[in-house]
Number of protein chains: 2
Amino acid sequence: MGNYIYDFSEGNKDLKDLLGGKGANLAEMTNLGLPVPPGFTITTQACRSYLKTGELPPELRVEVTMALRRLEDAVGRRLGDFHEPLLVSVRSGAKFSMPGMMETVLNIGLNDASVQGLAEFSSDERFAWDSYRRLIQMFGKTVLGIDGDLFADALDKAKAARGVSSDVGLTATDLEGLVGEFKTIVREGSGREFPQHPREQLDLAIAAIFESWNTDRARLYRRRERIPEDLGTAVNIMTMVFGNLGETSGTGVCFTRDPSTGVVGVYGDYLVNAQGEDVVSGIRNTLSLQDFEALDPTAYGELRQAMRRLETHYRDLCDIEFTVERGKLWMLQTRVGKRTAAAAFRIAIQLVDEHLITMDEALGRVSGAQLDKLMFPQFDARSERVLLTTAMAASPGAAVGMAVFDSPTAVAWAAEGKDVVLVRRETNPDDLGGMIASVGVLTSRGGKTSHAAVVARGMGTTCIVGAEALDVDAAARQFTVGGRTVREGELIAIDGGSGEVFLGDVAVVPSPVVRYLEDGLDAAVAAAGDDEDVADLVRSVHRLLAHADTARRLHVHANADTAADARRARSLGAQGIGLCRTEHMFLGERRVLIERVILATDDAERQAALDALLPLQRADFVDILTEMDTLPTTIRLIDPPLHEFLPDYTELAVKVALAGVAGESDPHDVALLAAVGRMREANPMLGLRGVRLGLVIPGLFALQVRAVAEAVAQRLKDGGDPHAEIMVPLVASVMELHLVRDQAEAILAEVSEREGVTLTIPIGAMIELPRAALTAGRIAEAAEFFSFGTNDMTQTTWGFSRDDVEGAFFSEYAANGVLSDSPFDTIDVRGVGELVRIAVERGRATRPELTIGVCGEHGGDPDSIAFFHAAGLDYVSCSPYRVPVARLEAGRANVAEAGAQTR
Amino acid sequence: MGNYIYDFSEGNKDLKDLLGGKGANLAEMTNLGLPVPPGFTITTQACRSYLKTGELPPELRVEVTMALRRLEDAVGRRLGDFHEPLLVSVRSGAKFSMPGMMETVLNIGLNDASVQGLAEFSSDERFAWDSYRRLIQMFGKTVLGIDGDLFADALDKAKAARGVSSDVGLTATDLEGLVGEFKTIVREGSGREFPQHPREQLDLAIAAIFESWNTDRARLYRRRERIPEDLGTAVNIMTMVFGNLGETSGTGVCFTRDPSTGVVGVYGDYLVNAQGEDVVSGIRNTLSLQDFEALDPTAYGELRQAMRRLETHYRDLCDIEFTVERGKLWMLQTRVGKRTAAAAFRIAIQLVDEHLITMDEALGRVSGAQLDKLMFPQFDARSERVLLTTAMAASPGAAVGMAVFDSPTAVAWAAEGKDVVLVRRETNPDDLGGMIASVGVLTSRGGKTSHAAVVARGMGTTCIVGAEALDVDAAARQFTVGGRTVREGELIAIDGGSGEVFLGDVAVVPSPVVRYLEDGLDAAVAAAGDDEDVADLVRSVHRLLAHADTARRLHVHANADTAADARRARSLGAQGIGLCRTEHMFLGERRVLIERVILATDDAERQAALDALLPLQRADFVDILTEMDTLPTTIRLIDPPLHEFLPDYTELAVKVALAGVAGESDPHDVALLAAVGRMREANPMLGLRGVRLGLVIPGLFALQVRAVAEAVAQRLKDGGDPHAEIMVPLVASVMELHLVRDQAEAILAEVSEREGVTLTIPIGAMIELPRAALTAGRIAEAAEFFSFGTNDMTQTTWGFSRDDVEGAFFSEYAANGVLSDSPFDTIDVRGVGELVRIAVERGRATRPELTIGVCGEHGGDPDSIAFFHAAGLDYVSCSPYRVPVARLEAGRANVAEAGAQTR
């Protein structure tokens, strides 16, 4: 055909850019020989042209004329005919589905003449006038932009006049009268008559769908979801079929297998004598597909055949909409179906076992985010529960606690040891204290980028948002939902994986997937007992993780600071430690020593404190290296500003001032206040930290390097196989690294000679400042490895502080679409990612064998791992419990890349 | 010749990379036919090879043999000959002169045999033995690394034995004995005999010079000065000539014109019967060149001819070392001579007027840094003064004040209205308060990157460092210098341009160059009165600035926030305002309004305060636009965090706590404390600032945009020609700019319609975050101009805060060579500069007509402007008084670029 129109018989499922998702799948079904009502798709290209010029392109008008003629010929009916009229539906269909866009106008082609034809053809005058009434109402509202309430009010008046409560009670005559009234509404609301010419109806509807690409809501949605502005939408024109032409007609939806377990079977709903919108509105009870079989075995048989055909063809769970018109089955839509996280794993493995897909493909069907969800505790499926509502799952987990309605109460009750769930209309920065104190957060407003959602995800707190059914009355300390009132202190349970809100206590069970990861497959299967769903799930997870391990190129390390963390990380599959922070080792009873280092007035005093720390620090490293025997263990030298080890300046100032007026001054406090004041920085994040500390207080890094060297020496002498590496934080210039390396190598040489062992301890740089990335070519001269600290790099690249994220502008930015994900959760590919690419390229240009990893929290983020794979990193490092997620995503990334290359 | 050796007749002055500065100039003089003692240069290539392998390259040995043979043939004498021996000097000569490198070994070729030959040839036995003694001493110390004190002690003993105080009193026999002792010292100190073979002496000296490239001091110097590590040094081997062979011999230095005024003439010193080191050590009084003429008119005539030849050839002031050996003139060295800032301008113009150079070349002979120096007040040349010492000029200006020796005294005295000069051995961060309180800073230690130097330059405070002649005794509150004691409270005067320290008061006069810039040439010349030096200086500056204005491509704008600043900037040559900060407009009596905006509890209250600000802000803009009529005026929307308008949190907390215990709580303070606490950020530099403020508090930017729009409208209606531009600060993502632009355009359209004028007000982005630079291609979609905020970008790129620069690590970093200049003073080309290049490239790729400037303080830094020119910026913007400096440097940059292209 031309440029702007594809007949359903011409497209296929891979043309989503041009035909949108709906159009591409309709074409695919048509080509499979499935009974799709004839029709055609106007391409996104036409939309783009319209948006540029504000007019339907002239060629499009010609092509539509020709396509309509072909359609009329094929169907044997004509638009606007007053005997047997052709009616069409007009539906938008972008590449990505998008709330806020105009969706559908049905019954295009009806007018004062063809309504008679429809009545005759359907032998149902009431049906014909009702269809016409619906067209004018839908067209008036969505195409002509008339206030929908005007139509609804007129309808209500007609029902009142007839004394009925439902429009089913209106007669053909009533509806004919209503059509007249609706036409008046159109005339008065738009200044024009309702268009009688079917082609005019069609052109206006097409233009309206194109226009709806640019509604504020659609634009905001695209901004948030990072959908390009210039894609445009396709428009699908399809012959109308009617499920509401009596008892031999109906409409339904079905899945080719159970979307919550993956079991193959017949899952779906059917509604006799109804149209699609009736199923969705839920006003009548639906039948099961089994009942449909009994009702119409022929149509049911055809449907089953179509389902098998689609699943074999798409090689995945399909979600189908269909209509039966007087016994004849019509397929209206299909797409790959949504499923739960557990079902995703089980279905992927089932499809492998059914020889429909390979293990590589199966990896593409699951995600790290799904695995992550499976690792949270869940409500016990066998526990009784009272569902209050279902809303947006914003941060996973299962939380049970007393409902509280403000932050101070949450804090106070939590301090008494109570578990509380903070319920708010929406949260703001003032609620932060309450959010921290709560086991769960529930809001009645906001989406997944609202303040509550962003902050709760950041804190790992279970959260549900946008529960609009809830009427939250904070002043009355209660909420109502579905006529039920829940008061402060009553128990509620929220499922951050499913978005379900329950009343009362619900038993929580640990995740069977975590049990598998920690204790192995056999133990997890045994623990599942007779719950075959659970056993099948852990087996599926196991097979997919094992395949990911063989498929991936990226290594997965863990961030672990203690021997216990190291052991856990190793059991979860970590192939090394990518970040062992050493500052935690100066806390607790050692704090007094580091305080002495800081407050020392001369070198000898400082050195004495450092000397006291040496055996403690060495013992820490021996423990970790013992756990990580044979595997790389990257130890980062101390990073945070030293005043973090001292008391808060303001609190201390108030204390000293009050003691002063009371005549009870404590000289130690006064001295401490002076020291803290001297060390105070306007912006500690940009202050005396990391390598700067090491160069200003040389004894500090020297202590740590010596402790590493002596620990490695001891492990070697004990017959171990330690692989310690020393990482220098916050490097901005290669000069810093040269200076540290000179010092460190002298110490390593000295310990090596004294202990009589060969110490091979690589020294590398943490790349966490923009300058380090930009000058990576020079830094690689002095670094044997790079490790990206993407948390800090996000702060400096964007110029905002993680400490302040919960503050004023972050949720505002999520709401207005500046940020979709928090760049602290998922790597900002355009900004921070660009620096990563630059650093990898320049670093490897200097030193091709440079080992490069990432140890920021992005290392464990499913959405970021594919980026790190593509950027050419050698490993990602993340917290121990993210290791399985990272293993899975690393496998997926490599398989996806290989797939892209062979395609 | 070969790879490693160039005869003096083979090189030229452009081969400095290969021959070093000294060698290249010796070759140039040789080729000019000037009487240079024959010799040759070993190239830096040989040094690099030596440093790689640790051995003199075998080819070098062969080439040296051949070169020596040619030299011996040419001179007609032979090394080591016992009748008429050839002696040579061996001197290092790198591309850049470098303290810490071995410089010279004289008299190579003397041994037990040839010392006799020298005695015979010179007819001066004492001279011969003294030369031999000097060789062994110099060779032992510098080549063999023996403690120099051992030689000095032996010499002292010999003088004591002879009963003389100077070595001139020693006889030939004494010196012969000393040679024996020195040989013993060599044997015992190095475990080897003093090498008798001249070739062995030569090879060892060459290797020692090569080795000296890598001394700690040389390396540190290179790090600080950013001289590449791998250049290596050349070595010059030259036939010895002797200025100490009696009354017809001598040695001198001269300049081809007066280095302090530029006047052509005979400036120099001559010392009869002496060698170079005697001139430098200043033990005897030198003669003027006029005296030399009387003494030896022939040699003087030859010298004058050589001077003219060199000046015509180098087309610049030359600095010359020469020796007369028994009436024969020898040229030992020449280079382009150093000069004062004033002389640089005058000489450049003189050379133009003498048709030696073009005006373009003249621009290359002066610098913005020199012009900057000329713009500070200076000590009155006619004022009497007592010079105490001269040290390193670290930060320009002329300061007179009472000497104080610690920071608390400086602060206390300054508070009493006294002018104080802080005198310290060296400064550290604890001295910051005192430095701020002082009119000048003087230290006895440290270099130009010491804490004192870096901080004083940053603050614009006059500073001299490294005055090692000063013995500072802070405890005794005094310093001594040259036997004189200066106590606390005594007046001293320091000249930060020349490094001179004077005792007592010295009259300070304003800069004649500033007078010229502010009042014009005629006024400045008139004010100079009969001081022709001053009049000539301002005329020279005028001509060079005027030429720079015609030569430059970069425009120069000014940063100005008030009408008065704008007027001054325009008079100093600014072609627009590149940065008009608006936050200052909320201070003073308006502070209460902005406080009300911040503390407002509802929108109406906030809007009322904003409405009250509108007419005030509009009036500000009308004033500035009136001053800047016809020229671009870039107004930046409010940038700093709002809590900067509120009191300090800790002070307020202490006040509230104390009032609390006293039972005198002030509810306003309590409320204010809560508000400040709520708005407090851990890292305000990375917090709610700039565009973030504008998006979180929409009324704020709207107020400012409206004020700009209304001001422009008013100016248009008043017949003006306003060119306002609106700049959005701290943009990280194009989304932010889209949102601000949408709001702003609506306001501009509204005002435009209401006022009936066409408003053309470009909206642009301040590029001051790494992410803005990296995503500049997208930001340019919504920005009509870019302006780099390199101050902020330096903070985030390096990850350190300007607020904390005076703190712990910055001076440490300067001292250990991590930082040479402060990156806040001179742009960090490798890091921040790289982001500038990226942003220019990506921004222009999206929008080729994008206007790009810089408004950070680097815009007025002479060393940064060439970079901005090369990066393709359209303008630099700087504080008004930096405008002339920027004009000059912009002209120089374009001329240098054009020169590089035609070369």
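Backbone N, Cα and C define each Cβ position, glycine as well.
According to TrEMBL:
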type	residues	note
ACT_SITE	A:His451	active site, tele-phosphohistidine intermediate
ACT_SITE	A:Cys855	active site, proton donor
BINDING	A:Arg581, A:Arg636, A:Glu768, A:Gly789, A:Thr790, A:Asn791, A:Asp792	substrate binding site
BINDING	A:Glu768, A:Asp792	Mg(2+) binding site
DOMAIN	A:49-285	domain 'Pyruvate phosphate dikinase AMP/ATP-binding'
DOMAIN	A:295-344	domain 'Pyruvate phosphate dikinase AMP/ATP-binding'
DOMAIN	A:418-499	domain 'PEP-utilising enzyme mobile'
DOMAIN	A:540-892	domain 'PEP-utilising enzyme C-terminal'
> Between A:Thr790 (substrate binding site) and the residue listed as 'active site, proton donor', what is the CA-CA distance rounded to a whole number of Å?
Replying inline: 7
> Taking A:Arg581, A:Arg636, A:Glu768, A:Gly789, A:Thr790, A:Asn791, A:Asp792 as the record's substrate-binding set, what's the max Cα pairwise distance in Å, rounded to a whole number?
Replying inline: 15
> Taking the Cα atoms as reference points, how far is A:Arg636 (substrate binding site) from the residue listed as 'active site, proton donor' in Å?
Replying inline: 11
> So of A:Arg636, A:Thr790, A:Asn791, A:Asp792, A:Cys855, which of the recorded positions has the fewest other Cβ atoms within 10 Å around its own Cβ?
Replying inline: A:Asn791
>> Same chain, not part of A:Arg581, A:Arg636, A:Glu768, A:Gly789, A:Thr790, A:Asn791, A:Asp792: whose C-beta falls within 8 angstroms of the C-beta centre of the substrate site? Give them in sequence order.
In response: A:Leu579, A:Asp639, A:Pro729, A:Met766, A:Ser787, A:Phe788, A:Met793, A:Cys855, A:Gly856
>> With every protein chain in view, what's the tally of Cβ atoms within 10 Å of the Cβ of A:Arg581 (substrate binding site), excluding that atom itself?
In response: 19
>> Long-range neighbours only, meaning 6 or more apart in sequence with Cβ under 8 Å: which ones does A:Gly789 (substrate binding site) have?
In response: A:Pro729, A:Met766, A:Ile767, A:Glu768, A:Cys855, A:Gly856
> In angstrom units, rounded to an integer, how far apart are the Cα atoms of A:Arg581 (substrate binding site) and the residue listed as 'active site, tele-phosphohistidine intermediate'?
Replying inline: 30
>> Whole-number answer please: how many Å between the C-alpha atoms of A:Asp792 (substrate binding site) and the residue listed as 'active site, tele-phosphohistidine intermediate'?
In response: 22
> How long is the line from the C-alpha of A:Asn791 (substrate binding site) to the C-alpha of the residue listed as 'active site, tele-phosphohistidine intermediate', rounded to the nearest angstrom?
Replying inline: 20
> Which residue counts does DSSP give the domain 'PEP-utilising enzyme mobile' (A:418-499) for helix, strand and coil?
Replying inline: 18 helix, 29 strand, 35 coil
>> Just to confirm my parser: what is the rounded mean pLDDT across the domain 'Pyruvate phosphate dikinase AMP/ATP-binding' (A:295-344)?
In response: 92
> What is the total of other Cβ atoms whose distance to the Cβ of the residue listed as 'active site, tele-phosphohistidine intermediate' is within 10 Å?
Replying inline: 25
> When a 10 Å sphere is centred on the Cβ of A:Glu768 (substrate binding site), how many other Cβ atoms does it contain?
Replying inline: 27
